[in-house]
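Engineer: Dropping a structure here in structure tokens format, bear with me for questions.
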Amino acid sequence: MSVDFWINVGVIAGIYGILTLGLQLNTGFTGLLNFGQAGYMAIGAYGAGILVAEAGFSLWLAFSTSLVLSAAVAMVIGWSTSRLGPDQFAIVTIAFAEIVRHILQNTDFSGGNQGLIGFDVEWRSASEWITLLFSGIGLGEYKQIPLLLFVWITFVALTGLMKMLERTPWSRVLRGIRDDETAIAALGKNTLWFRMQSLAIGAALAVVAGFFIALDVTYLYPGIFDPTFTFFGFVILLIGGLGNYWGIMLGSVVFWTLMEGSRLIETSLSATEQASLRFLVVGFLLIVLSRVCPHGFLGNSRGRDHDH
Amino acid sequence: MSATALAYFTEVPKPVKLLVSLFTIFLCLIAFFGTVKVSQATINGFVTGSYLGLGAMGLTLIMGVMKLVNLAYGDFLVAGAYFTLTFTALGTPLPLSVLLATLGTALLSILAEKLVWLPLRSAGASALQCFLSAIGLSFLIRFAIQFFGGSESRSFDIDVLSTMVLGPFRVGTQQALGFVMALTVFSMLAIGLWISGAMKTMRAVSDNRLLAEVCGIGVGHTIDLTSLLSGLLAGAAGIVYATAVGSFNPNFGLTLLLSLFAAATLGGIGNIYGAMLGGLVIGLSQEWSALLLGAKWKPLVALVFLVLMLLAVPRGIFARAQRRP
């Protein structure tokens, strides 16, 4: 029981870590306040779910299609918001995520509030096969181990990939946009195109996270893509540190261990009261962290301090 | 001929264009749905517009004077509604509870200013820091309310079912009550601002803080006054919402916040009368859209409005002429 619980915490930490990699690229490296990650995650998860359950696509094909779709949406958002200031951009991204959620809540093709099922048959048979392998070494009773492995291998690989991207001239341009967009534009770079690329990659990472969420909860409903979950990503980002990809791994594990682990504490409070208390702590953490260490615990403040 | 007509059209001020298009939509709707249905929707639109307008006035003040996108603002509205519940539960009569709750929300707003925003401003915080603090504050308020008040739906102790019949129209007593409350708050505020001249100093700080300071305007006082007023407006708007809609839970803040952003943007950031009109436009659009698309899409209308407004006319329709700094 308890092992299953912690395996699931590991799964969630990995998934939100992947989501936060996108926030790191957008916010930490490009200076774009993207508060719409939950929207891209929803497009990815529902896109894949609908294509499999209703159009009969294979899981991989459905996944790739929704990846492209979500990245294209991000491109359009990046392009259409080119004239907006950072505050207005942030508002548009939240509004976008809420628009996606409202549409999913009220249309027939998404199953509305009842949700969507029946898209993970292929995954479940693969998962059972892996579980069978593990039963050889006595771990056969934990059904979520295949997902845990799958999520974390992807998470580590993607983090490594982002780290490699960080060393490219491409990423230097992004950091330049973050620190002084006008200067980079003056060097002849098309900053709009770079911003759009950053958003598209961020959205693609959100799709991967959304896809794993779909496999984890086995049925999709709009409530999993509440803006609150984007905000969780920002808490993880603050703990892990702005400009630090590997820090996200620690941030996500710390955050979800605290969030979920606190469920195990026996109190006389009701479930609602306990949940509220957890969120109160998150709120307090956000205010204090953003005040005391604006670049996060493990933040990379190199190259930023010179402009003060 | 047509070229001059086009040139003439582009010179028409935006508010006039808005009024003409609203009126055209109104006439088209009447042609399709009949006078009674459309008028009923219009009455509902004014009720919705009244709380959206009040809330947007507070939000636009914060964004204009303090240059702050306060994502926690929606939760101040929720606080207003729950403060009222608390006071009525303690045995205070409803009108007095409403007054105390509005003051309570204003107090909360001043606390937020002193404990969160003032320190951030004096540290020269980045946009990201402000956004994250606002989200943190939003969590604190929303979940403190949920901790003490529970997450289930609540309502004020008003007769929910009673309606007033005015000719062919029916207006719920609560809706009428909410509308009258909003109108009272709005007129009191307008008169207060007119007599005290506070509007002028707020506008000065909003336009150019440094210049205002040089001219001897107490910027600190103006910001305190702004957080007080925006708190009062948030409390009042939340109470009007709770009264008019009937039942509410601690989560109505964020959805409403985006509608308030839409109204404030439409009105031009910093322009409080523009925000009131923006609220009315959003309210009418939501209720009229319900005729065409059904009630479930109402929240989406405000969201789409917000995105389109920001993309097409980010400075709003009632924006004052910008002076070069």
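Note: Cβ is positioned from N, Cα and C throughout, glycine not excepted.
Automatic prediction, not curation, is the source of TrEMBL annotations.
Pulled these features from TrEMBL for this protein:
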type	residues	note
TRANSMEM	B:18-36	transmembrane segment
TRANSMEM	B:43-65	transmembrane segment
TRANSMEM	B:71-91	transmembrane segment
TRANSMEM	B:126-145	transmembrane segment
TRANSMEM	B:176-195	transmembrane segment
TRANSMEM	B:228-248	transmembrane segment
TRANSMEM	B:260-285	transmembrane segment
TRANSMEM	B:297-318	transmembrane segment
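Structural setting of the listed features?
Structural biologist: Packing against the transmembrane segment (B:71-91) from elsewhere in the chain are residues 55, 58-59, 62, 97-98, 100-102, 104-105, 108-109, 112, 131, 134-135, 137-138, 141-142, 145, 149, 154, 156-157, 230-231, 234-239, 241-242, 248, 250-257, 260: each is 6 or more residues past its ends and has a CB under 8 Å from a CB in it.
Here the transmembrane segment (B:126-145) has Cβ contacts under 8 Å with residues 68-72, 74-76, 78-79, 82, 108, 112, 116-117, 120, 250-251, 253-254 of the same chain, all six or more residues outside its ends.
For the transmembrane segment (B:228-248), same-chain residues at least 6 beyond its ends with a Cβ under 8 Å from one of its own Cβ atoms are 47-48, 50-52, 54-55, 57-59, 61-62, 73, 76-81, 83-84, 98, 101-110, 153-156, 158, 160, 172, 174-175, 177-179, 181-182, 185, 189, 256.
Beyond the ends of the transmembrane segment (B:260-285), by six or more residues, the same chain brings 18, 22, 42, 45-57, 59-61, 63-65, 73-74, 186, 190, 193, 199, 203, 206-207, 301-303, 305-306, 309-310, 314-320 to within a C-beta distance below 8 angstroms of the stretch.
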Engineer: Ranking B:18-36, B:43-65, B:297-318 by the number of C-beta pairs under 8 Å to the transmembrane segment (B:176-195), which range is first?
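Structural biologist: Result: B:43-65.
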